[in-house]
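**Student:** Below: one structure in structure tokens.
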Amino acid sequence: MGARASVLSGGKLDTWERIRLRPGGKKKYALKHLIWASRELERFTLNPGLLETSEGCKQIIGQLQPSIQTGSEEIRSLYNTVATLYCVHERIEVKDTKEAVEKMEEEQNKSKKKTQQAAADSSQVSQNYPIVQNLQGQMVHQAISPRTLNAWVKVIEEKAFSPEVIPMFSALSEGATPQDLNTMLNTVGGHQAAMQMLKETINDEAAEWDRLHPVHAGPVAPGQMREPRGSDIAGTTSTLQEQIAWMTSNPPIPVGEIYKRWIILGLNKIVRMYSPVSILDIRQGPKEPFRDYVDRFYKTLRAEQASQDVKNWMTETLLVQNANPDCKTILKALGPQATLEEMMTACQGVGGPGHKARVLAEAMSQVTGSATAVMMQRGNFKGPRKSIKCFNCGKEGHTAKNCRAPRKKGCWKCGREGHQMKDCTERQANFLGKIWPSHKGRPGNFLQSRPEPTAPPAESFGFGEEITPSQKQEQKDKELYPLASLKSLFGNDPSSQ
């Protein structure tokens, strides 16, 4: 952090901290913005050390400026931060970011005019790499370096065809000829299916170029170059000298840039195939930090085949809509005009250990409260206990068994001697209003005597026959258990025979 924060020091740092982020806003630049810019440059494979000088800031701005219209919000924020830092290095007085960007663009326009004037005065053509001018004044081609090819192959091996491959290809192929671009494509060993898709896209674009730029009838005039066809732009039917001549003619025909656009168009289709996840499916997990969610969101957004207006709408709508409930509540409270920096600052603690502990405590309190309510509804909640009262001294907090006061004589209820409390007749009435002493028999609401039943004697219809003891026992069993035998149900019961 110290190395990153050492970009500015002394008076420049004071000037940096006086510049406002927005016109008329309260927030101002701080060290954390320099640290963030350094990390973003590392993420875009740029050297953070360039921030220490105004020339380095110019180089960074030159790399970022082509991506401003089609880039993400992070690229725009990085561009604005570097532009403000450039004004601080050049000691240009600015009040806010907007004024700094305007001042920087004015400086760029002035330098462009000077360059154009110098080119017109010397009547020289552009000398962009890899086409350079030798000591004899001739325009020669400088072949692409093995280091550049190695970096390109390494990106393909590590990233396959993820969205960041496209800006990496664009940076490595700056000013390249069609022959250089074909060399870069031929170094890709694997992913031949993707390469075949790329060839089909290039052939389609070449056919479209031939349709829109038909060849003029008749021979080419002496001293003039022929117009490039689609296959010439792709480098299959043109030589390196012809490509250099087209790119350095006046006016130039940028065959390298045209071919580069075709390749990027094909790479976009490949990235779409290798990244099948739709931006609609990117949702923040319940415990995922908001920063990681934003990274995944913009990475998928780069692979979307849509215009910049559609991507802006996706960012404004889906970024908030697909956040988890905790972050969504915070983002809606910020309002629709909140910047990405404000969103990430507001949601910084969501998903961390402190936030998890707070959410868990709230959930536990809710569960405990609901369980208490259920117990009270079911009648299991007994409420506060009643205080214990001593029968001996009449005080609360202990029983008569543990009472230290002198034992009270007689009944503890009426105070009279001669009986105990269990035999006390005072206010011991039943619900009929009658006093029931325990020594006078049964209570008044019970039957005081139990009469014996007076059933008539059993009649005998034996007509004098003699009854054997077994028959007597059978008759007695029938009287006691009328259904014990199966005769009444199935006739003769074989078990009784």
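Heads up, the Cβ atoms here are built off N, Cα and C, so glycines get one too.
Source: prediction; values computed, not measured.
From Swiss-Prot, for reference:
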{"type": "MOTIF", "residues": "16-22", "note": "motif 'Nuclear export signal'"}
{"type": "MOTIF", "residues": "26-32", "note": "motif 'Nuclear localization signal'"}
{"type": "REGION", "residues": "102-125", "note": "region 'Disordered'"}
{"type": "MOD_RES", "residues": "Ser145", "note": "phosphoserine"}
{"type": "REGION", "residues": "186-224", "note": "region 'Interaction with host PPIA/CYPA and NUP153'"}
{"type": "REGION", "residues": "437-497", "note": "region 'Disordered'"}
{"type": "MOTIF", "residues": "453-456", "note": "motif 'PTAP/PSAP motif'"}
{"type": "MOTIF", "residues": "480-489", "note": "motif 'LYPX(n)L motif'"}
**Student:** Mind tallying the motif 'Nuclear localization signal' (26-32) by DSSP state, helix then strand then coil?
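**Tutor:** Secondary-structure breakdown of the motif 'Nuclear localization signal' (26-32): 2 helix, 1 strand, 4 coil.
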**Student:** Per DSSP, what is the residue tally for the motif 'Nuclear export signal' (16-22) in helix, strand and coil?
**Tutor:** 3 helix, 1 strand, 3 coil
**Student:** Short question: which residues 6 or more past the ends of the motif 'Nuclear localization signal' (26-32) have a Cβ under 8 Å from it?
**Tutor:** 5, 13, 16-20, 81, 84
**Student:** Tell me, how many other CB atoms lie within 10 A of the CB of Ser145 (phosphoserine), whichever protein chain they belong to?
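**Tutor:** Taking every protein chain into account, the count is 10.
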**Student:** Under DSSP, the region 'Interaction with host PPIA/CYPA and NUP153' (186-224) has how many residues in helix, strand and coil?
**Tutor:** 22 helix, 0 strand, 17 coil
